[in-house]
Amino acid sequence: MAQVLHVSAPFPGTPGPASPPAFPSKEPDVPYSVETPYGYRLDLDFLKYVDDIEKGHTLRRVAVQRRPRLGSLPRGPGSWWTSTESLCSNASGDSRHSAYSYCGRGFYPQYGALETRGGFNPRVERTLLDARRRLEDQAAAPAGLGSLTPSAAGSTSSLVGVGLPPPTPRGSGLSTPVPPSAGHLAHVREQMAGALRKLRQLEEQVKLIPVLQVKLSVLQEEKRQLTVQLKSQKFLGHPAGARGRGELCLDLPEAPEDPVTLETRSVGTWVRERDLGMPDGEAALAAKVAVLETQLKKALQELQAAQARQADLPPQAWPPPDSPVRVDTVRVVQGPREVEVAASTAAGAPAQRAQSLEPYGAGLRALATSNGAESPPVFRSHEVMETVFPAPTASTSNVHQVKKISITERSCDGAAGHPQAPAESSLSPPESEGATQAQPEKNTGQVPAHDDTTIKEPIRQAACHESEFEEAGGAGGAQAGLRSIMKQKEEPTDPEAHRRSLQFVGVNGSISPRYESSSEDSSTAENFSDNESTENEAPEPEERVPSVAEAPQLRPKETAKAKTSREESQLPQESLHTPTAEGASGSSAKDEIRMELSPDLISACLALEKYLENPKALTERELKVAYTTVLQEWLRLACRSDAHPELVRRHLVTFRAMSARLLDYVVNIADSNGNTALHYSVSHANFPVVQQLLDSGVCQVDKQNRAGYSPIMLTALATLKTQDDIQTILQLFRLGDVNAKASQAGQTALMLAVSHGRVDVVKALLACEADVNVQDDDGSTALMCACEHGHKEITALLLAVPSCDISITDRDGSTALMVALDAGHSEIASMLYSRMNIKCSFAPMSDDESPASSSAEE
């Protein structure tokens, strides 16, 4: 076997073994052995080993000792083998010393220069321990405990220890040798061979560790490069797609696919409407026709009743007019399902309205002032029946359902010297005056027939913005819920035959109505009134047109509001006069202003109106759609920098005609940032639109956006160009709170205007009694802002205010004078210093007068 050195560990109370002598200088004889992969030498003298095993010298009871600590092991090159009792013969177990075999190749002098491998393999150790236990158990089974003792005749050539206790003699009776069987020996040899094979495998695996480490470092480097490349792609904005983390995307070019032609064939499928679940169109139309016929019959009955009442009234002569009047044609055409009524208005003083309509044909009435003695001659054609009606004397409760109202006007003037239209110059001669005077007596309106709309003596068109028809209809519509809107037809190109044709269309109730209006030479904003409505609307049962007799009763309650709305929508009177050739050519060059409300906007407005009246009338989805539509259309119209004030005004009139609540809601509607139309208009310095919004009377001027600024505060960003702009912001300041603070920094409109150097805005704010001593969150005042930014003129304006206090300090304890000195504005500092000296000189007098002044203020 290998050279074995038994070292006994010293235990307390036990004398330690003698130290082994030093190795002789002469190299000992190396027995026939083999070197293991880890530097161990195994004795291959199997004959002697087998002989020892047969004699039982190697089989003895050895107590399994714990592995010694590293500190108690001898230092030096080599490897410890803690369980070599089965490999080294004649190991004494009676001394109870822990025997360790020090079989390292570096222990010997001839192998000291070679590189050794440190450590031990626990798997080999466990294998050897198991083999030793099995041999001991098998040997101890027949003999009992303590029967296994080494033989004195055993081979001791492998023991090198000196001073060890002598082996126990065989005749001592401590143990009885039991020769092992051949199977045990074969089993031990197999275990040793398997342990060697496992050692070789482990050694090969250890050799692969550096290669794997190199591969790992290469993969880590590739990962780092890919991570950098991915980050660069994200930075450049390339979409990463839906790939997972660590997944690579390889863009491989693909061969272009051949275009595939698909044959298509249209296939028609016959489906019945009732199978699709669609409503029956014919049934719905039949129901509408029945409703219209019923309304028509009712209107005809009321018309006949009105004619009967008119026949009972005494006739009354009409005095001749002394002022220009307007001749209007009222035509009632009877049809199976529809009634068409044409009417227009009179000018000048308040005139009288015809009280009855004939069931067949139409009547022509002349409206004039009460002064005069003769009535103007009137004529009719075979399609028109003319009647001069007296003034109404009694009120009636007639209700007329009107679906379509058209107004036709001709501008003609023969008495005032204006040129007549060519078509009117060739009119046929009128009837005699006597035939005309006989009409009031008969009260039938029968006169000879002539061409339609023929007039013997054209009269001048009156310069009037609103008609009696609008005044009566508007008053009644405000109460009965009638809303109408005018549409202007295109004018002929001939300026001599200037003609204006207006059309009132509709009586409430359409699902998707449409507002449309055009502004041309002779009619613009006056076409709108408070009783505007939608086009092609079906009449609702609860809505009705007020009768003629009801109009005077409705006027006292509704006239003030109607007149105010009409005055806002009027243009100068010159636009209604007959234009000359020069005026017509100049007016044709004007830009046409058109207002068209989409069906979606009208439907959304009607839905919001229902919601404002009843919050449970709409679902959440319907409310969201209506709100979004109105918000987008209103912001597109009124919140742009180039918004047209006339279009804004017309929309406001339309919203007011629908509902006052709707007008308030739309004007103050805000976007996602909390900005209303007033915020945007003030920011864009579009003060004509601001004026229209303020004139609506429902604008919330103190409403703050999410940034905490109100429209009054945003005037600091605007530039005032004209005197009208100054008047507009003065009106804005008077309607709101000029001392309101922003929610972010606590600044007021005066501080913002001072910081931006808006002298005009500062003057307007001071004129509206803005407080100059208000402090923001940092304790700064408007005077400190002016001193910091070096606005000398604004500083002078602020110091001119008697209540300006220059001794106020901010959070840092700085006054306005200190701020000016720190900013290097010496002129402003001198102004403040002079003001301070003046204040100090009048301080005693002010102290003496303080009680009197305080009592006077109280």
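Note: Cβ is positioned from N, Cα and C throughout, glycine not excepted.
Pulled from Swiss-Prot:
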- 183-234: coiled coil (COILED)
- 282-313: coiled coil (COILED)
- 12-23: compositional bias 'Pro residues' (COMPBIAS)
- 148-159: compositional bias 'Polar residues' (COMPBIAS)
- 436-446: compositional bias 'Polar residues' (COMPBIAS)
- SER19: phosphoserine (MOD_RES)
- SER83: phosphoserine (MOD_RES)
- SER86: phosphoserine (MOD_RES)
- SER89: phosphoserine (MOD_RES)
- SER92: phosphoserine (MOD_RES)
- ARG105: omega-N-methylarginine (MOD_RES)
- THR168: phosphothreonine (MOD_RES)
- SER323: phosphoserine (MOD_RES)
- THR329: phosphothreonine (MOD_RES)
- SER356: phosphoserine (MOD_RES)
- SER375: phosphoserine (MOD_RES)
- SER547: phosphoserine (MOD_RES)
- THR559: phosphothreonine (MOD_RES)
- 1-72: region 'Interaction with AIFM1' (REGION)
- 621-658: repeat 'ANK 0' (REPEAT)
- 673-703: repeat 'ANK 1' (REPEAT)
- 707-740: repeat 'ANK 2' (REPEAT)
- 745-774: repeat 'ANK 3' (REPEAT)
- 778-808: repeat 'ANK 4' (REPEAT)
- 812-842: repeat 'ANK 5' (REPEAT)
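Same-chain neighbours of the repeat 'ANK 3' (745-774): 710, 712-713, 715-720, 726, 729-730, 733-734, 738-739, 780-783, 785-786, 789, 791, 793-794, 797-798, 801, 803-805, 808, counting only residues six or more beyond its ends whose CB sits under 8 Å from a CB of the stretch.
Proximity of distant same-chain residues to the repeat 'ANK 1' (673-703), defined by a Cβ-Cβ separation under 8 Å and at least 6 residues beyond the stretch ends, is recorded for 568, 634-635, 638-645, 648-649, 652, 656, 660, 663-664, 667, 709-712, 714-715, 717-721, 724-725, 728-729, 731-732, 735-737, 740. In the predicted model, the repeat 'ANK 1' (673-703) has a mean pLDDT of 89.
Using a Cβ-Cβ cut-off under 8 Å and counting only residues 6 or more beyond its ends in the same chain, the repeat 'ANK 2' (707-740) has close neighbours at 673-674, 676, 678-679, 682-685, 687-688, 690-691, 694, 699, 701, 747-750, 752-753, 755-756, 758, 760-761, 764-765, 767-771, 774.
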